[in-house]
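Marked as FMN binding site by Swiss-Prot on the basis of sequence analysis: SER9, SER15, ILE16, SER17, MET85, TYR86, ASN87, PHE88.
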Amino acid sequence: MKLLHLDSSALGATSISRELSAAIVAQQRRLYPEVEVTYRDLDRDPIPHLTAQTLAQTDPAEAAAAEAVMQQFLQAEVIVIGAPMYNFAIPSTLKAWIDRIAVAGRTFHYTANGPEGLAGGKRLIIASARGGVYAEPSNDFQEPYLRQLFGFLGIDDITLVRAEGVAYSPQHRADALAAALAGLRAEQDAAVMA
């Protein structure tokens with residue numbers, strides 16, 4: 001099994017989404033010892049944002065790099081994304097990666113009945129970290145966007161592991177992380193029992 005692990009937080013070692021995504025990948029390694037993991041840190045190794053030049057693909061090296069990103073995505077059976085909430089949405093580095101994989105004719109196509117995803121059969125696990133608590137859907141453009149986008153690509157097996165309110169206090173941060181990790185352990189136990 002091939003697993004693609006992406007982190008997008010700019011907070012480095014203090015990042016909750018990075019800690020959660022690492023725990024998810026460790027869980028997958030325990031459940032599936034044969035898993036092959038490809039890791040990309042979108043903060044340390046960002047993908048260029050789309051411009052007229054990148055869309056034209058006139059630079060062979062840039063075109064090859066974009067194709068490598070696409071192949072990593074297409075070959076992965078499981079995708080783990082560390083996705084913190086920045087200003088109600090996702091980091092621009094994650095959006096730049098999404099722009100490279102959401103490509104007509106590759107991961108979706110248009111039909112007489114509307115668009116159809118071509119990237120089904122994958123499992124997506126999102127490690128979501130939020131400084132506040134966003135129970136009101138009108139304030140959350142992160143998780144709905146990720147669900148919509150990956151659903152559009154044909155991925156319907158989506159799991160969210162969320163730690164929220166992490167900016168309220170050190171105790172709230174610790175409690176939110178512990179609750180998210182406990183949820184992961186419960187999921188792992190259920191998978192082992194199945």
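Glycine is no exception: its Cβ is also placed from the backbone N, Cα and C atoms.
Features recorded in Swiss-Prot, as mapped to the structure shown.
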residue: SER9; record: FMN binding site; CB count, 10 Å: 24
residue: SER15; record: FMN binding site; CB count, 10 Å: 21
residue: ILE16; record: FMN binding site; CB count, 10 Å: 25
residue: SER17; record: FMN binding site; CB count, 10 Å: 27
residue: MET85; record: FMN binding site; CB count, 10 Å: 23
residue: TYR86; record: FMN binding site; CB count, 10 Å: 17
residue: ASN87; record: FMN binding site; CB count, 10 Å: 9
residue: PHE88; record: FMN binding site; CB count, 10 Å: 14
TYR86 (FMN binding site): secondary structure state under DSSP, collapsed to three categories: strand
